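This report concerns only the one structure given below.
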């Protein structure tokens, strides 16, 4: 082919590419005009959430925001969080519904009162090691995304995507389902265990089971409607019920301390506290799951680091002061339960605060404590649905999910489609599950990624030793955490294989979606970049040949 023919072909290709680019630009301008109103709604939604969602900061969660989203926000968050602010945030985040539902399963699997208290202590110390490990990861990878960001940096996009997938489809809905079941159990007990003394009037086990499921589903629907209607209403609901939760726990601890000081109402602290202690490793895995559920929230501690006045100094202090405070609160609450209730009742009940109040103050006390715990659960579920729906919303905006989930309602200015999806996923888990099965299912899935994330710190220590680490934890801390995490992932496959396999299946089900939503897009983007570079090369070559042709023409003249 002659130079002239090559020039003509290159010119044709370049003109065709230019026409395609012009057509694409015109199409983009048309699309921008047509969705201008929708973008205004999205901006308003983001700003509205910034004003009203301090307790539900969802930027730190799983999926990083697009450049367009982040450009709408300030480049740097103001460093205004003091040590005291961080301490109250950590304690308030961790103390939830678990302490009102987990004591029974813990003592059931531990086998004795003494060992159950040891399990609660070890769970708290394990939460400390996990929080310190995450604190280093947060200091060396100071970007939004939490585990998603850490897994992506350490392993690549597949584990990070699987974590986001699992959080959206399993962890968040499963956590919300557990809280809703606890709420239903307490609310129903007010009616048919506190109002009636005659056992014959109690419903059958099957009726009891389905009443709990119906009430739990109604709870999820009501909270979803509240969040659909107004962000402000959702956040104010959370403020109210958080205060109720903290007051209830403090009252239980104080009453138990007073009762124990007078000699106690039971024989739990007489004789050998460790009589009947379990010797099976699988039992302890299940006991740890129940206890660690009550400490849930330790993995969010590092998200406040970017807004602390002196994170290198205050973040470790917040962890080393805040988590021991929670441990002390939980141990005092458990001691209070055992001082008032026989261990046989603690093992059987899922509504220990109601039984505690009834033993101290009679039926009226049972109703009062049950209402307080139900309110606490309602608030916790409200927070879970709020943040869970925002994960779905961001996933829709990022293209991980269909774009309909990344839209906001034109009137209510809330992510309606994301809230509907969150509610449906939660209800799907409530129908076949119970507190114990849901807890095992969610815990196995969660601890798989806790292990991968903490092991990622060890990988980064070896692979990137020069990475800046404003806070550096002792190496033994992540090693201990990783060893315990392996134990908590492996042992349930022996004791509760069905729930464990279901959790593993949920995680692996995300792999095809990763290929479609991420890998394919990465390949497509790479090809698009290659095509763009090729067009640039054609343009340069065409200009060079035209220049040489003109120069030769001048010489000939």
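Placement of Cβ uses the backbone N, Cα and C atoms for every residue, glycine included.
Since we're looking at a predicted model, the values are computed, not measured.
Taken from TrEMBL as is:
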type	residues	note
TRANSMEM	81-101	transmembrane segment
TRANSMEM	113-135	transmembrane segment
TRANSMEM	210-229	transmembrane segment
TRANSMEM	241-260	transmembrane segment
TRANSMEM	318-340	transmembrane segment
TRANSMEM	360-381	transmembrane segment
TRANSMEM	417-435	transmembrane segment
TRANSMEM	441-460	transmembrane segment
TRANSMEM	472-494	transmembrane segment
TRANSMEM	500-516	transmembrane segment
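Taking every recorded stretch in 241-260, 318-340, 360-381, 500-516 and counting its Cβ pairs under 8 Å to the transmembrane segment (113-135), the highest total belongs to 318-340. Within its own chain, the transmembrane segment (472-494) is flanked in space by residues 126, 129-130, 132-133, 135-136, 281-282, 284-286, 288-289, 292, 440, 443-444, 447-448, 450-451, 454-455, 457-458, 461, 500-501, which lie at least six positions past its ends and keep a Cβ under 8 Å from the stretch. Proximity of distant same-chain residues to the transmembrane segment (241-260), defined by a Cβ-Cβ separation under 8 Å and at least 6 residues beyond the stretch ends, is recorded for 55, 92, 95-97, 99-100, 269, 329, 332-333, 335-337, 339-340, 353, 356, 360, 369, 372-373, 375-376, 378-380, 382. Long-range neighbours of the transmembrane segment (441-460) within the same chain, counting only residues 6 or more positions beyond its ends whose Cβ lies under 8 Å from a Cβ of the stretch, are 130, 133-134, 136-137, 140, 147, 150-151, 153-155, 159, 163, 166, 170-171, 174-175, 178, 289, 292-293, 299, 429, 433, 467, 478-479, 481-482, 485-486, 488-489, 492, 499-500, 502-504, 506-507. Residues 83, 86-87, 90-91, 94-95, 99, 103, 113, 116-117, 120-121, 124-125, 127-128, 131-132, 135, 249, 252-253, 255-257, 259-260, 264-266, 268-269, 294-295, 298, 301, 304, 346, 352, 356, 359-360 of the same chain sit 6 or more residues outside the transmembrane segment (318-340) yet have a Cβ under 8 Å from a Cβ within it. It is 210-229 that, among the stretches 210-229, 360-381, 500-516, forms the most Cβ pairs under 8 Å with the transmembrane segment (417-435). If you look at the transmembrane segment (500-516), the same-chain residues 6 or more away from its ends with a CB under 8 A from one of its CBs are 157-158, 161-162, 165-166, 169-170, 400, 440-442, 444-445, 448, 492-493.
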